[in-house]
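S.K.: Sharing a structure with you now.
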Amino acid sequence: QQKSSSLPSVSRNAKMAADLGELLVPFMPTIRVPKTGDRVYKSECAFSFDSPESEGGLYVCMNKFLGFGREHVERHYRKTGQSVYMHLKRHVKEKTTGAAGGAIPRRRNGKVFLDLELNRDFNGEDYEYEDEAKLVIFPDHFEIPLPNIEELPALVSELVLCVSVHVGGETSGGSLASGQAGLLIKKKKKVNCWLDDFCFCVFAVSGWKCQKCEMRENLWLNLTDGSVLCGKWFFDGSGGNGHALEHYRETSYPLAVKLDTITPDGADVYSFEEEEAVLDPHMSEHLSHFGIDMLQMQRRTENGHHTDNNPRPRVSEWEVIQESGMKLKAVFGSGYTGIKNLGNSCYLSTVLQVLFSIPDFQRMYVGNLQRIFDYSPLDPTQDFATQMAKLGHGLLSGQYSKPPMKSELIEQVMKEEHKHQQRGISPRMLKALVSRGHPEFSSNRQQDAHEFFLHLINLVERNSAGSENPSDSFRFLVEERVQCCQSRRVRYAQRVDYCIQLPAPIEAATNREELLAYEAKRKEAEENTRAPPEPVRARIPFTACLQAFTEPENVPDFWSSALQAKSAGVKTSRFASFPEYLVMQIKKFTFGVDWVPKKLDLAIDVPDFLDLSRLRATGLQAGEEELPDLMPPIVLPEDTRGMTTWLRAPEIDEGAVMQLAEMGFPLEACRKAVYYTGNMGPEMAFNWIIAHMEEPGKAAIPHRACDSPMGATPLDNLPPEESIAILTSMGFPRNHSIRALKATNNNLERALDWIFTHPEEEESDGLSDMADTEPNDNAFSNMNSHSDSTLSPDRETSGPRVKDGPGRYELFAIISHMGASTMSGHYVCHIKKEGRWVIYNDHKVCLSERPPKDLGYIYFYRRLSSS
C-alpha cells in the first residue's frame, strides 16, 4: 500500500489481493451495503456543488453514502471517524474532429457509473468521457483502484456494486431538464418507446376544436395519431368532457400535449398511462410532423387561433421579459452565477437569486459558512442552514461562474458557435429539503413565486432561533383601523406582514377606450367563430394601484361590540413600521365568472423611487372612541343550551369537504364552506367558496367560548380552555397545544396545521412564537392575524423584531412571470447590481438592455438612507 501522492498502478499478483483484504479488515465494521430506501449521493457534494466531473472528484462515504468534494471530505472524516470512501472521477473531453459519435457521450469505462447522470449539457456527438473509481482510506489516503472486485472482501465487493448501480439517490423527482419548461422524465419508460407507432400527419394549426364535442378550450393533441380532443374538468376551471382520456382507453396511445401551453421554450406533456407529466426531449420534432412550429406559437391565443394576419403583431411578454432578439452580454463572477432549471423550478431560482443579493442573507449564510458547516448535523443534506449556505456560496463565490478561456473563445469563433454560457448550479438538495411535505412545492409542477417566497421566509424564521434572522429585513407591522359606521367607534390592531399586495384596477387604465373596443371585437369574433383580434394590454398608472390599496374596504358580517349586533363596518390599513426591504406583489391573477383562473394582461409604470411616508399609521386620534373589547355571543342549538358553555368542535361533513378538496380548493377553505352552509352538501359549499373567493381567511370556524351572556373574553395569555381541550382530545400534549394556539392567534384549524409542521421535539429548541408564525399572504385584508398582531413595535421583550425607518425606497429587483397562469409558464428575474441591471434566466446571466419594469409580478425595493 502506498499513499495517494505516490501510489503506483494496480498490481496484478496474488499477494496484492491478500494485502487489500488485510488492509480493509480493521474497517469492515464501518462498511455497510445500502438497503432499500437508502439515498446514495454520488452526483453532488453535500456542502458544495462538486461532482465527479470536478477537478477533485467526489468521495462517497461507505457508511452513510453521502457525497463530499475534496475540500469537505476531511471534515466528515474528523466528525464521524468514517475512514473508507469511494472516490468517483469522471474525465470528459471533446472528441477530435471527424470522430464518430452516438446519441449520447461515449463511455469508455461502463463498469462503475452505470447510472451517473451527466452534470452538464453535452452534445453527444462532440464529447466522450471516461470513468474512474477507487476506494480511499483516511487518514493516510491509501487508495485501492477499482474495479478489481475479485481482489476485495465479499462485503466490500457487494458494496461497490450496489453504489455503482444505485439509482435515484439525491434527486427529488427526475433528471435535470435543460429547457425552461422541462418536466419529469420517467426512469423506466421513455417517450421514444411510447411513440413507436407515431403517425405522420398534418392538420390545420388554427381554429382547433375537439373532434368529438367541438369544444375550443382545454384541448390536447395526441402525439401518436394527432387527435385533438378535450381534457377533463379540473379544479382550475378548465372545461372538458374527458374525450382525450377516452381516446387513450380506446387506443392505448398515452402521450398528449396541451395545445395552449406550446411556446418556443416547451410545452406541457401528459402521460395517461403514468398519470403524470413527462418530458418529450424531441418535442419540436414531434410537433413539426403535425405542422406545428414551436418558434411561432407565442403568436397564438389559448384557443389556437393564429394572429399573424395582423401587419403589426404585438410583441409578446415572453419576448419582452426575456429580452429576446437583443445581443445580451454574458457576465461572470461573484454574484453572477445562474441556477439550473430542474423542470419547472424557475419560481425557486428567481426568489433565491433575489434573496442572496441582499446583504442580510449573504452575511447570515455565506459570512457564517465555516461555522455552519462545522456545526452541521451528521446528515447535512437535511439541514436548512447548511443547504442555504451551500447555495449562497455557490452563487456568490464565482467558483461556478467563470468566463471562458481565450483559447475557448477563439475556438468558438472558428466553429461559428453561440456565445459561451455558464453551466450554473443545481438547487436539487435545497429544493428537496424546503419542499419536503408540501403538496405543491414537492411536485414538478410550476408554482407561484410569491407563495414560495412566503414559504421560504417561514422556514428562515423557524431556523433562525438564537442567531441573526435575515428575514427581519422584510418584516413590518400593519395597523388596521376598523370603524363601526353606526356608532362611529373604532378599533385599532397591529399584525405582522412581509409583503404588500397591490390591486390592479382595470377601470383606471389610461387606454380604457382601446380596451373596450378590443372587448367588443373579441365578442363579435367569438360569436362569428372568427379568429380573435390582437389582444390589447391595459396600461394602469401606479398611482391608481396605490390609491386602490389605501382606500377603505367594507368588512362583511361585521359585529359591532358597541351595538352588540351586526352592523356596517369599514377597514383601513396603514404601515405601523416600514421594512428595510419592501416586497410588493401585483395582483395580476384573478378568477373569471366561470371560475377559470386567468392572468390579467396589464402593464404598470412602477417607479424606480417610491415614497410611502404618507401611509405611516397614526394610531388612536383625539376625539376617537374605541369599541368595547367584547366577543360576539355564540348561539348554541336548542338541545345544547344549558348543558355547557364550552364550544365543542363543529361537526362537518368530511365527505363534502373531500369532494371540494379534490377540485383543488384549500382544505381550510373547504371546511369553512361546508361549515357555513350548514352541511347542506358540496354544491352549496361550492357556491359559498365562489361568493367568498375575494375574502381569503375572513371567515374562520368559531372556536372560542362564551363565558358570559355578553360574550366578554378575558385578555389573559392562555388560549381558551375549550380550544386546548379539543386539541388534547386528539392526542396532542397540552403544552404543545397551547403553543400552537398562541402561534396562530387561537385559530383552531391553523393551530392543527402548526402542530403537524412543528414536531413536539421542537418545543425545547428555544424558538420564539414569532419564529413559528407563518407569513401572512393575504396582504392587508387578512382578518386572521398572527399571535403578535396586537403587539406594539416598542415592546422589545415580546414584540416582533422590525427594522423601522423612513418610507423612501429604490427599486432593485423584479421577478417577472410569463404565461397564462401561475400553474404554468416561466419566471425570470432582473436585479440591479453595481449600478446596472442584470437578467437571470435560469443558468443564463447577462447584462440587461431593457428591464421590463412595467411587466413585473413581484417588485423588491430597498430603503434609501436618510442622508
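Every residue, even glycine, has its Cβ placed from backbone N, Cα and C.
Annotation comment: TrEMBL describes H826 as active site, proton acceptor. Residues annotated as Zn(2+) binding site in TrEMBL: C210, C213, C230, H243. Under the heading compositional bias 'Polar residues', TrEMBL lists 776-792. Feature annotation from TrEMBL assigns compositional bias 'Basic and acidic residues' to 793-805. TrEMBL lists 186-294 with the feature domain 'UBP-type'. What TrEMBL lists as domain 'USP' is 337-864. The region 'Disordered' annotation in TrEMBL covers 762-805.
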S.K.: If you draw a 10 Å sphere on the Cβ of the residue listed as 'active site, proton acceptor', how many other Cβ atoms land inside?
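M.R.: Looking across every protein chain shown, the total is 25.
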S.K.: For the binding-site residues C210, C213, C230, which Cβ has the most other Cβ atoms within 10 Å, all shown protein chains included?
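M.R.: The largest 10 Å Cβ neighbour count belongs to C230.
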S.K.: Which value does the mean pLDDT take for the domain 'USP' (337-864) in this predicted structure?
M.R.: 79
S.K.: Could you list the residues of the same chain, at least six apart in sequence, whose Cβ is under 8 A from the Cβ of H243 (Zn(2+) binding site)?
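M.R.: Those within reach of H243 (Zn(2+) binding site), by Cβ under 8 Å and sequence separation of 6 or more, are C210, Q211, K212, C213, L229, C230.
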